[in-house]
Amino acid sequence: MKLAVIAGDGIGTEVTAEALKVLHALRDDVETTDYDLGARRYLRNGELLTDEDLDSLREHDAILLGAIGDPRTVPAGVLERGLLLPLRFKLDHAVNLRPSKLYPGSSSPLANPGDIDFVVVREGTEGLYCGNGGTLRAGTDYEVASEVSQNTYYGVERVVRDAFERAQSRRKKLTWVHKTNVLVNAGSLWQRAIETVGQEYPEVQVDYNHIDAATIYMVTKPQEYDVIVTDNLFGDILTDLAGAVTGGIGLAASGNIDPSRKNPSMFEPVHGSAPDIAGQGIADPCAAILSVALMLRHLGDDANAERIEAAVLAEAGSRDGGPVKTAEVGDRVVANLK
C-alpha cells in the first residue's frame, strides 16, 4: 500500500504518529510518503497546494490527514480555501463519510442515549460550498451578497447510490435529509435521485426528514438512525451534532471518498489542530486510529479494519477517567490487536 501522510499542524502530528503505529503493527507492506502541507508551510513560504503536490498525491492508494490550521497565525479561511477545499474538489472527494457511534467509556450528553450507531453520507463537492456567488456594490448601502447552491443530478446520484450501498450492508434503513418545502428545486432533484436509485434497493427502507426535524430526532432518538444522506451544508451541521451526541469528536473519524476510485480518498480525524495543547502529549489519537480503520475498509481490508475497531473499543472501555498520554493510548490499542 502506498500511503500519503499529511500530518499537518498542532496535534495532527501527534495523533498521526499513533495512527501509523497501529497501522504498521498490522501490516508490513505500507510505504508512506510525508507531505509538508498546512500552516507551517504557508507561514514559511506562502505555499498552500501546488500542482506538483496534487500530481504526487495521485500516485498513492490513500491519504491520511492529521489536522490543518493554526488560528493564532493564519487568518480564517486561508487554509480552507487554499488547501482543504482544493484537495476535496480536485481529487473529486464527492462523499464525506462520518460514522457516529457511542463507544463504551464515552459519555453522551443525552440522559438515555441508547445504542447509537449510524453513518452520515454527506455530499462533498456541490451545494453552497462550490464557490458560486459574489458581492456587488460592496461597502455601500446597496451591497448585494449571494451564495448559490449548485446541485447536479450526476453529483447527487452518485452520493445517493453510495448511501444506498452502505444501508444495504447495514440495517437497511436510509434517511435522506433536506428542506424540500423551501428549497424546492434542489429538493426535487434530490427526491428524484432517491426514488430512482431506490428502485434498485427494494430491501432498504427509505425515510425523509426536514433538516430542522433531523436535528430534533438526532437528540431525542438517535438510535433510530442507520444511514443518513444529505447535501453539503446540512451534512456539515448534522455531523457536528452527531459528534456531540456520541460524546464529542475525540472518537470521530471521517473519510473523503472518490466514489469512482480514480483518485486516492482521504481519511482524517474530525477534530482540529488544537495548537493550545500541541506538544503536551495529551491529545486523544483514537479518531485518527479509527480513520485508519475506515481507510482499510475502503481499500478492501475489512479484517484489519475490524481488528482496529475492536482494539479501540477495548481501549475506550478500559478508561477510568484519569489522564492518559497520547502515545500510551496508541500502545494500548496495539496491545489490544488480535
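For all residues, glycine too, the Cβ spot is worked out from N, Cα and C.
Annotation source Swiss-Prot lists substrate binding site at ARG88, ARG98, ARG122, ASP212. As annotated by Swiss-Prot, site 'Important for catalysis' applies to TYR129, LYS179, with the evidence given as sequence analysis. Annotation source Swiss-Prot lists Mg(2+) binding site at ASP212, ASP236, ASP240, citing sequence analysis. Here Swiss-Prot flags GLY272, SER273, ALA274, PRO275, ASP276, ILE277, ALA278, GLY279, GLN280, GLY281, ILE282, ALA283, ASP284 as NAD(+) binding site, drawing on sequence analysis.
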Between ALA274 (NAD(+) binding site) and ASP240 (Mg(2+) binding site), the C-alpha gap once rounded to whole angstrom: 17
Spatial neighbours, same chain, of ILE282 (NAD(+) binding site) - Cβ under 8 Å, 6+ residues apart: PRO323, LYS325, THR326
Those recorded positions of TYR129, LYS179, ASP236, GLY272, ALA278, GLN280 having Cα within 10 angstroms of ASP212 (substrate binding site): LYS179
Local backbone state of ASP276 (NAD(+) binding site), from DSSP in three classes: coil
Secondary structure of ASP236 (Mg(2+) binding site) (DSSP, helix/strand/coil): helix
Secondary-structure category, per DSSP, in which LYS179 (site 'Important for catalysis') falls: coil
Coarse DSSP state, helix versus strand versus coil, of ARG88 (substrate binding site): helix
Additional residues around Mg(2+), ordered along the sequence, whose Cβ is within 8 Å of the centroid of ASP212, ASP236, ASP240: ILE211, THR215, LEU233, PHE234, GLY235, ILE237, LEU238, THR239, LEU241
Separation of alpha carbons, ASP236 (Mg(2+) binding site) and GLN280 (NAD(+) binding site) (Å): 30
Sparsest-packed among the binding-site residues, when each Cβ's other Cβ atoms within 10 Å are tallied, from ASP236, ASP276, ASP284: ASP276
